[in-house]
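Student: Once you've had a glance at the structure underneath, I'll fire off some questions.
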Amino acid sequence: MPKNSKVTQREQSHEHVTESVADLLAHEEPIDYKSSALNVGGAAGKKVPQIEVPENDGRPAWNSKLQYILAQVGFSVGLGNVWRFPYLCQKNGGGAYLVPYFILLLIIGIPLFFLELAVGQKIRRGSIGVWNYVCPSLGGIGMSSLMVCGFVGLYYNVIIGWSIFYFFQSFQYPLPWSDCPIRKNGTLAIVEPECEKSSATTYFWYRQTLNTTSTIAESGGLNIKMTLSLLVAWIIVCLAVIRGIASSGKVMYFSSLFPYVVLFCFLVRGLMLKGSVDGIAHMFTPKLEKMLEPQVWREAATQVFFALGLGFGGVIAFSSYNKIDNNCHFDAVLVSVINFLTSILATLVVFAVLGFKANIMNEKCVVDNAEKILGYLNSNVLSHDLIPPHVNFSHLSTSDYAEMYGVIKTIKEGSFTQLGLEPCLLEDELNKAVQGTGLAFIAFTEAMTHFPASPFWSVMFFFMLINLGLGSMIGTMTGITTPVLDTYKVQKELFTVCCCVVAFLCGLLFVQRSGNYYVTMFDDYSAGLPLTVVVILENVSVAWIYGTKRFMQDLEDMLGFRPYKIYFYLWKYVSPLCLIVLISATVIEMAISPPGYNAWVQELAHERFQSYPPWALAMCFSLIVVAMLPLPIVFIARRFNLMSDGSNKLSVSYRKTMMKDISNLEEQDEARFILGAKPGEAPLAVPARKAFLTPGGTKALDPNSLSPNSCYGTSYQNTAISPTTPTTPTTPATPESDS
């Protein structure tokens, strides 16, 4: 081989060669197999054509491993860690909920996260390309995940828009949601009745931020403030994604790390607040009987599923930009553990702050009810003899009030309800379950109004929410752009801008005055069931169609060591079974629970559950159907040869010839098959594969480790061509008989 050839240069530089056959062919015009350079069978002694390996396959790559890890962490750690996980802990037994969550993280979360990382890194394509390669009949998996990414991105960025609005409103003192507005009627000034019936933070959220209507059927027109906030959100996302991982990776340095700075600051500040220990103790006091309820395990499985971003395509897209020999098993464990610890950290912060808020509200309750009792004493409704002598109304403690409340309730048993006194128990305040937007935009904002320097903490909190949302949105958008750019030759920048413009226009649905109800609808129906179906098909296509043994061998070839055998059983049996149970439970839950939403009723100044009208109900189920529609369409179309296999990497003639012969690969010599030698002719010498570094040293991989019988498998398309020694004429061995 010439000394100045690229292969020779690579040998001399000792660089890792990670190009695969599919990657090399991806940049060539479709070839005819019979006339291709791969058909090198011929008489012995003919000069073997030189195969020049390019320096890279033209695919972008992460600048560093840290950048990649931060991108995966930023995608998986999102708003759900802050406002969904703490709510589930509170609802499902406090510390006891952590046990089923951790168990399901081990048997579902980490194995399936590892699977997605591995297939993305192996095949080096987005979700559409990956599943077209693994099994074209199930190529609709990638398209369904792309559809779900689109639906989720539409409403998820609306939440970022809300956070942006609150972020800019936080630069005021006092905070605009700290007090109820005053309505002036001539010389008379009264507190806004709707605010007085609810609270200042609740009023600001529903009336001044969303200006929401009372039903989903009443549009109310566009909310200009929210429309502008949504526009800003999409501009930020577009700028972060427009140049691919070159720009989004750098953004991740800040968007992934800054939330941890804020969470630690809030934790330190929260622990210094009165009552924070009560909140944390309430959180981690386990109610072990809850662990026996199936509902707790179902919600834990769902949270594990969504916390890691499985099925969205973002995980696959990010890993597709890795080197082929990257240790994705380490990445899967590391990102999963970071995600879990982040949820615990966020839960500590939330319950420290909510514990402080519960004490404030409990003290307020004591003061209000003490005033009622004083009024009853002055009007002789109650006797002064009922009040313990040590009680001092000017410095009334919660314990003194509890004692006084108990005495009055016992003596006035018949007429006690007419007094309208409340028990003012701290436990009741802590048990008020708040999740989602209610936690972030009502409960947490109300607690921050009692902080010293409240605007500073409010700015920090909502800036943290923006960064958490931005990290997830970058992953979601990458899950859309990467498979499309891999499949179709379009300009990246133009396509990204078009996606953002279209998404903003579609997102106008969510910035109507009734838009909050559509956010709830999309959150409940567009992702849950479709994503679960997508992930179980991913699991089945790898473990049962492609083959778990073959996949384990591919991992050994790729990583340089064989993963733990437990993964074989988890992928093959445990994970599919758990996912089937989860799908069944989800369908049953949807059938039992009446479809509806919590509407804000202005006259009553509180939320009330309302059922969806028929057209909205049809819209709910349409979201599920549209998201899963590519699965049967692609399956039927490819089953009856109505569409190509979706691969733009190999010509049809080459692939058909490959698939025809690969079915008998176990009886044939693999080297002779790949190199095109005819029966009876000596196979050509195959260059040695490169050695991979293993925990115990180096291990030379078998050059004939191509996996047979794959459903357009990843093995032959991604076999590394890594010549480590110059090809020298040798006397070939006599091939085995085909018989």
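Just so you know, glycine gets a Cβ as well, placed from its N, Cα and C.
Marked as Na(+) binding site by TrEMBL: GLY74, VAL77, ASN81, ASN339, LEU468, SER472. Look at TrEMBL and you will find 723-739 tagged as compositional bias 'Low complexity'. Annotated region 'Disordered' per TrEMBL: 716-739, in sequence order. Annotated transmembrane segment per TrEMBL: 68-86, 98-119, 146-168, 228-246, 253-272, 300-321, 333-354, 456-482, 494-513, 525-546, 567-592, 612-637, in sequence order.
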Student: What is the set of residues, excluding GLY74, VAL77, ASN81, ASN339, LEU468, SER472, whose C-beta falls within 8 angstroms of the centroid of the C-beta atoms at the Na(+) site?
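Tutor: Leaving out the recorded residues gives VAL73, PHE75, SER76, GLY78, LEU79, GLY80, SER256, PRO259, THR342, GLY471.
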Student: Starting from each candidate's C-beta and looking 10 angstroms out, tell me which of the binding-site residues VAL77, ASN81, LEU468 has the most other C-beta atoms.
Tutor: LEU468
Student: Among 98-119, 253-272, 333-354, 612-637, which stretch has the most Cβ pairs under 8 Å to the transmembrane segment (567-592)?
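Tutor: It is 98-119, which has the most Cβ pairs under 8 Å.
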Student: For a quick check of understanding: among the binding-site residues ASN339, SER472, which residue's Cβ has the most other Cβ atoms within 10 Å?
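Tutor: Going through ASN339, SER472 one by one, the largest Cβ count within 10 Å is at SER472.
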Student: Determine whether the transmembrane segment (333-354) and the transmembrane segment (300-321) share at least three Cβ pairs under 8 Å, counting only pairs 6 or more apart in sequence.
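Tutor: They are in contact.
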Student: With Cβ-Cβ distance below 8 Å and at least 6 positions apart along the chain, what are the contacts of GLY74 (Na(+) binding site)? List them in sequence order.
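Tutor: Once residues fewer than 6 apart are set aside, GLY74 (Na(+) binding site) is near MET252, SER255, SER256, LEU470, GLY471, SER472, ILE474, GLY475.
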Student: Do any residues, 6 or more residues outside the transmembrane segment (68-86), come within under 8 Å Cβ-to-Cβ of it, and if so which ones?
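Tutor: Sequence-remote neighbours of the transmembrane segment (68-86) are 62, 159, 245, 248-249, 252-253, 255-257, 259, 283, 303, 306-309, 314-315, 318-319, 321-322, 331, 334-335, 338-339, 342-343, 346-347, 350-351, 435-437, 439-440, 465, 468-472, 474-476.
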Student: Pairs 6 or more apart in sequence, C-beta under 8 angstroms, 3 or more of them: is that satisfied by the transmembrane segment (98-119) and the transmembrane segment (456-482)?
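Tutor: Stretch pair does not touch.
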Student: Contact between the transmembrane segment (300-321) and the transmembrane segment (494-513) is defined here as three or more C-beta pairs under 8 Å separated by at least 6 residues; is that satisfied?
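Tutor: They are not in contact.
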Student: Is the count of Cβ pairs under 8 Å between the transmembrane segment (228-246) and the transmembrane segment (146-168), pairs 6 or more apart in sequence, 3 or more?
Tutor: yes
Student: When you scan the chain for residues with a C-beta under 8 Å from the transmembrane segment (525-546), skipping those not six or more beyond its ends, what do you find?
Tutor: 112, 115-116, 119, 131, 134-135, 138, 141, 144-145, 147-148, 151-152, 155, 302, 305-306, 310-312, 571-572, 575-576, 579-580, 582-583, 586-587, 590, 620-621, 623-624, 627-628, 631, 710-711, 713-714
Student: What same-chain residues lie close to the transmembrane segment (146-168): Cβ under 8 Å, and 6 or more beyond its ends?
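Tutor: Same-chain contacts beyond the flanks: 79, 127-128, 209, 225-226, 229-230, 232-234, 236-237, 311-314, 437, 440-441, 445, 458-459, 462-463, 465-466, 469-470, 472-473, 476-477, 479-480, 483-484, 503, 506-507, 509-511, 515, 518-519, 522-523, 526-527, 530-531, 534, 623, 626-627, 629-630.
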Student: Which bits of the chain, at least 6 residues beyond where the transmembrane segment (456-482) starts or stops, bring a Cβ under 8 A of a Cβ in it?
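Tutor: Contacts with the transmembrane segment (456-482): 71, 73-79, 81-82, 125-127, 145-146, 149-150, 152-153, 156-157, 159-160, 163-164, 166-167, 170-171, 175, 236-237, 240-241, 244-245, 248, 251-252, 254-256, 258-259, 262-263, 265-266, 269, 309, 312-318, 320, 440, 444-445, 448, 492, 495-496, 499.
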